[in-house]
Amino acid sequence: MTKKLKILSVISTICMIPLLLGGALVTKTGSADGCGNSWPLCEGQFLPTKISFEMFIELSHRGVTGVVGILIVYLTYLVWKELRHNKEVVFLAFSALSLMILQALIGAAAVVWGQSDFALATHFGISLVCFAAVFLLMLQLFEIDKKLHTEDIHINKTHRIEIYAISFYTMCVVYSGALVRHTDSNLACRDWPLCVNNSSFGISDYNFYQWVQMGHRLAAGILFIWTVILTIRMVKHYKNSKVFYWSWLITLGLITLQVLFGALIIFTSLNLAIALFHALFITCYFGMLSFFMHLSFRAKRREKYSNQS
């Protein structure tokens, strides 16, 4: 049964990727109203006879959401049936299920009643946390037989706090990026890294969309520098742990690609493939940070038990 759970968790994690990218695609292509204000039906029909491009994108996103939802429900059921004694696994499974339901309801509410750009930006953030929960559940299932060799990693208190802080800050950066999409501020600034490279900052002349765009760039730049500094420190301090060592190097690579593809969005005038890769890299990056948070929680718990004994 453990093997079945592992396979199902891998499939669920992989399927979360097109779910997240599908949501970004809906926004990028302006397909949010592809089915009108009808949900779960499309234009009041199960399968409309005339399907436009926008309708196809929206229907595909709903279909993927439904499939992933069924996978997570089944995975949660099996976890409860077979591993209810493992509190970490049960918590992650029910967290993933709850977040999946929440993000689906927010998506449905956006279709039926409409939502502000700020509320819609939250939709992607919740989906990202849901992905992190499924990803961690998969890792936890593989850790049952100690194949990842993470049980002996001790993360000191200072580094744990830094991991929590950068993870929380990443969510803020993700929210600002989602706000860029939902307010159509992607090309509010035609240059990079400044809004207009051949002039002074001129921030007093920025309109709302330029403030949103440049605010996101500033936040992303800080995140990149922070990740570089933290990676150097973690690699030096935990070089004896191969999993931790390589995980941080992968994380640094992901944030580097994230910044690169963010710039390419401007240079290619919002090329769709580039924009989707931009969403993919931040998803994987946050997944890695979630892994570090998981290890930090575990290290704190071991430290607490050690002090008590």
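Just so it is clear, glycine is given a Cβ too, placed from its N, Cα and C backbone atoms.
Record features, source Swiss-Prot:
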- E58: active site (ACT_SITE)
- H61, H123: heme o binding site (BINDING)
- H216, H278: heme b binding site (BINDING)
- C35-C42: disulfide bond (DISULFID)
- C189-C195: disulfide bond (DISULFID)
- 1-6: topological domain 'Cytoplasmic' (TOPO_DOM)
- 28-62: topological domain 'Extracellular' (TOPO_DOM)
- 84-88: topological domain 'Cytoplasmic' (TOPO_DOM)
- 110-123: topological domain 'Extracellular' (TOPO_DOM)
- 145-159: topological domain 'Cytoplasmic' (TOPO_DOM)
- 181-211: topological domain 'Extracellular' (TOPO_DOM)
- 233-247: topological domain 'Cytoplasmic' (TOPO_DOM)
- 293-309: topological domain 'Cytoplasmic' (TOPO_DOM)
- 7-27: transmembrane segment (TRANSMEM)
- 63-83: transmembrane segment (TRANSMEM)
- 89-109: transmembrane segment (TRANSMEM)
- 124-144: transmembrane segment (TRANSMEM)
- 160-180: transmembrane segment (TRANSMEM)
- 212-232: transmembrane segment (TRANSMEM)
- 248-268: transmembrane segment (TRANSMEM)
- 272-292: transmembrane segment (TRANSMEM)
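Shown here: features listed in Swiss-Prot, placed on the structure.
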residue	record	contacts (Cβ under 8 Å, 6+ apart)
C35	disulfide bond	L41, C42, E43, P48, M55, E58, L59, R62, V111
H61	heme o binding site	L19, G22, G23, L25, V26, S31
C189	disulfide bond	C195, V196, Q210, Q213, M214, R217, I266
H216	heme b binding site	V173, S176, G177, L179, V180
H278	heme b binding site	Q258, F261, G262, L264, I265
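Summarising the environment of H123 (heme o binding site), the number of other Cβ atoms within 10 Å of its Cβ, over all protein chains shown, is 22. For the topological domain 'Extracellular' (28-62), the model's average pLDDT works out to 82. When secondary structure is read from DSSP and collapsed to three states, C35 (disulfide bond) falls in the coil class. In the topological domain 'Extracellular' (28-62), the DSSP tally of helix, strand and coil residues is 11 helix, 2 strand, 22 coil. Ranking the recorded positions C42, E58, C195 by the number of CB atoms within 10 A of their own CB puts E58 at the top.
Beyond its flanks by at least six residues, the transmembrane segment (7-27) meets 34, 57-58, 60-61, 64-65, 67-68, 71-72, 74-75, 78, 107, 120, 123-124, 127-128, 130-131, 134-135, 137-138, 141, 181-182, 272, 275-276, 279-280, 283 of its own chain at Cβ-Cβ distances under 8 Å. For the recorded site, H123 (heme o binding site), the DSSP three-state label reads helix.
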